[in-house]
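Undergrad: Okay, handing you the structure first.
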Amino acid sequence: MDTKIGSLDTCKPSSNNVGCPPNGTVSTIQGSVSPTVVNCAAEATLGRHLARRLVQVGVNDVFSVPGDFNLTLLDHLIAEPGLNLIGCCNELNAGYAADGYARSRGVGACVVTFTVGGLSVLNAIAGAYSENLPLICIVGGPNSNDYGTNRILHHTIGLPDFTQELRCFQTVTCFQAVVNNLEDAHELIDTAISTALKESKPVYISIGCNLPAIPHPTFSLDPVPFSLAPKLSNKMGLKAAVEAAAEFLNKAVKPVIVGGPKLRVAKACEAFVELADASGYAVAVMPSAKGLVPEQHPHFIGTYWGAVSTSFCAEIVESADAYLFAGPIYNDYSSVGYSLLLKKEKAIIVQPERVVIGNGPAFGCVLMKDFLRELAKRLQHNNTAYENYHRIFVPEGHPLKSAPKEPLRVNVLFQHIQKMLSGESAVIAETGDSWFNCQKLKLPTGCGYEFQMQYGSIGWSVGATLGYAQAVPEKRVIACIGDGSFQVTAQDVSTMLRCGQKTIIFLINNGGYTIEVEIHDGPYNVIKNWNYTALVDAIHNGEGKCWTAKVFCEEELIEAIETATGAKKDCLCFIEVIVHKDDTSKELLEWGSRVSAANSRPPNPQ
C-alpha cells in the first residue's frame with residue numbers, strides 16, 4: 001500500500017494539495033494555480049470543469065470505454081493536459097482498474113456510457129464500495145431534452161424510464177448526481193467528488209450527453225478551491241474511551257493488538273504503529289490488512305486468520321487475556337467460517353468512529369487515529385505476549401528440494417517470488433489460493449500489497465493490476481493470478497501493453513477454480529484449458545514490449561525469473577506456471593473445509 005493521495009495517512013498528489021488535516025483545521029482541494037476568471041469559452045465548459053476537478057484531487061488517469069452517450073465528454077477529458085484517458089476492453093475491467101488506482105492514489109475514476117455501460121461496471125463499483133475506496137464513476141447520460149418525455153432510448157430496457165441505472169447505483173454508491181442542466185452542474189459535481197473523499201466510498205455522476213461542450217459562468221478556467229471539513233472526535237468521549245481502554249489493557253497480563261482493513265479508511269496506520277511502539281504488545285494483522293502495517297516492526301508476529309494464521313500467530317492472539325482490534329471486518333471468510341476463538345469480553349474493537357470495550361461501554365464520535373494516539377500515551381509497556389511468541393517460534397522450513405525436472409510445486413514458486421520482492425515492487429493477489437500463498441510472503445519496507453477479500457470477485461486482479469501499475473509506474477507490480485480468474489478478465493492485458501507497463505504476471509495454471517474445489521467440488525469447477533502464453537502473444541501482436549514463458553519445473557522458473565528481472569525488465573512479462581490441479585496451500589485446505597461447514601449449516605428449527 002503506497003502513501004499517495006488519500007491513501008493511508010497522507011494525501012500527497014504530485015502537483016496538488018488534497019488535505020488530510022490535523023483536527024480543528026479545514027482542508028482544501030486546489031489546483032496548482034490561483035483561480036482566475038476564464039476568457040476562453042472553449043475551456044469553460046462542463047467537460048473541462050469535471051476534468052480539472054479530477055486532476056485537482058489526484059486523478060491523472062481515467063479508465064474508460066466509449067459509447068455514443070459519453071463521446072463528447074471524452075473529448076473534453078482528453079483536452080485536459082493533466083488527464084490521461086485509458087481505454088479499456090470492457091467496463092468491468094475499467095471499474096477494476098479504477099479500484100486498483102484508488103488503492104495507491106487514494107481516489108480513482110472511470111467513464112462509461114448509459115445503462116449498457118453502467119450496468120456492466122456495476123460489479124466493480126460494488127467491490128470498491130465493500131472495500132471503502134473513493135471511486136468516481138462517471139456515466140454519459142441521455143440528452144437533457146429527453147428527461148420527462150415518453151421517449152424510449154437505445155441502451156435501455158425499452159421503457160421510457162431513465163432511472164433504472166440510477167436505482168442500481170444507489171445501493172453501491174454514497175452519492176448520486178444526475179446532471180441534466182448547467183445551472184446546478186457545478187454544485188452537483190463538487191458535492192459528488194467531495195463526498196467520495198469524505199466517505200471513502202464510490203459516487204455516481206451522470207452527465208447529459210449534450211452538455212459537456214457548453215460553457216457556463218460557473219465553470220472557471222481553474223475551478224474555485226473547495227474545502228473538506230474534517231471529522232472531529234468528541235473530546236469528552238475521546239477522553240473517556242482512552243481512560244476506559246487504558247484501564248482495561250493495563251491490568252492485562254499478555255495483551256496484543258491486531259490491525260484490520262479499516263485502518264486504511266480511518267487513515268490510522270501511522271497511529272497504529274505509534275501504539276505498537278509505545279505499548280510493546282505483540283502486533284498482528286488481519287488478512288485483509290496485510291500491507292497496511294510494516295512487517296519489519298520489531299514486535300510483528302504475522303497474520304491472524306484463525307485456523308489458517310501464519311505460524312504461531314493464532315496461538316498468541318487467541319491465548320491473550322486482552323486484545324485490541326483496530327478496524328476489523330468479521331465476515332465468514334475472515335473468520336474462517338465463524339471459527340475464531342475470540343471472546344467479546346476480552347476485546348476492544350476500534351472502528352473508524354467508534355470504540356467498544358468488552359461487553360460495554362461503547363463510545364461514539366471517537367476517531368480511530370485520535371484514539372490510538374492518545375491511548376499510546378497511557379499504556380504501560382508490556383511485551384509479555386511478544387516474548388511468548390519469540391519463545392515458541394520455530395522458523396518455517398523450506399520446501400523439499402526439487403528433483404531435477406520435477407514438476408513444479410506451488411510452494412517452490414512462492415519461495416522464488418519471495419526473493420523477488422523489494423521496496424520497488426508491489427504484489428497483487430487474486431481471489432483464490434493466491435490469497436493464502438501471498439499471505440505468507442514477507443513484505444520488505446515499501447513493498448505494496450493488495451487483494452480484495454470482502455467482495456472476493458474472481459477476475460478482479462487483472463483490472464486492478466492495470467490500475468495500480470498505472471498509479472505507481474516507479475514500482476514493478478507482481479500479480480499472482482489463477483487460470484480460472486484470468487479467463488474472466490484476460491482482455492485488459494492488452495491495455496497494460498498499450499500503457500507500456502512492466503508488470504510481471506504469474507499465471508498459475510492448475511486447471512480450474514481451486515478455491516471452489518476446496519469448498520465444494522463438482523464438474524463445474526473444471527475449466528477449458530487455454531494456451532495462455534500463446535493468447536498473450538496474440539494480444540501482443542508485435543505492438544509494445546511483451547515477453548512470455550511457460551514453465552513446468554523449478555529450473556525453468558529460475559531461468560524465467562532471471563529473464564524477467566534482467567534482459568526483459570522493461571517489458572510486461574507473462575509467466576505461465578503449470579502445476580498439479582491438487583497442489584494447494586495447506587491453509588486453503590483448512591479454510592475451505594471450515595467455510596464449507598459454515599455454508600452447509602442446516603436451517604434452524606422453525
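Cβ from N, Cα, C; glycine included.
OK, TrEMBL features for this one:
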| type | residues | note |
| --- | --- | --- |
| BINDING | ASP483, ASN510, GLY512 | Mg(2+) binding site |
| DOMAIN | 45-150 | domain 'Thiamine pyrophosphate enzyme N-terminal TPP-binding' |
| DOMAIN | 242-359 | domain 'Thiamine pyrophosphate enzyme central' |
| DOMAIN | 453-577 | domain 'Thiamine pyrophosphate enzyme TPP-binding' |
Undergrad: Tell me, what is the mean pLDDT of the domain 'Thiamine pyrophosphate enzyme N-terminal TPP-binding' (45-150)?
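TA: Averaged over the domain 'Thiamine pyrophosphate enzyme N-terminal TPP-binding' (45-150), per-residue pLDDT gives 96.
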Undergrad: How do the residues of the domain 'Thiamine pyrophosphate enzyme TPP-binding' (453-577) split into helix, strand and coil according to DSSP?
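TA: Here the numbers are 58 helix, 28 strand, 39 coil.
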Undergrad: Beyond ASP483, ASN510, GLY512, what residues of that chain have CB atoms within 8 A of the centre of the Mg(2+) site's CB atoms?
TA: GLY482, GLY484, ILE508, ASN509, GLY511, TYR513, THR514, ILE527, LYS581
Undergrad: Using DSSP, what's the helix, strand and coil tally for the domain 'Thiamine pyrophosphate enzyme N-terminal TPP-binding' (45-150)?
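TA: Breakdown, helix to coil: 50 helix, 22 strand, 34 coil.
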Undergrad: When you measure from the Cβ of ASP483 (Mg(2+) binding site), how many other Cβ atoms are you left with inside 10 Å?
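TA: Taking every protein chain into account, the count is 25.
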Undergrad: Can you tell me how the residues of the domain 'Thiamine pyrophosphate enzyme central' (242-359) break down into helix, strand and coil by DSSP?
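TA: Residue counts in helix, strand and coil order: 39 helix, 25 strand, 54 coil.
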Undergrad: At a 10 Å cut-off from the C-beta of ASN510 (Mg(2+) binding site), count the other C-beta atoms across all protein chains.
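TA: I count 21 other Cβ atoms within 10 Å of it.
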Undergrad: Report the same-chain neighbours of GLY512 (Mg(2+) binding site): residues 6+ apart in sequence with Cβ closer than 8 Å to its Cβ, ordered by sequence.
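TA: Expected: ASP483, GLY484, ASN525, VAL526, ILE527, LYS581.
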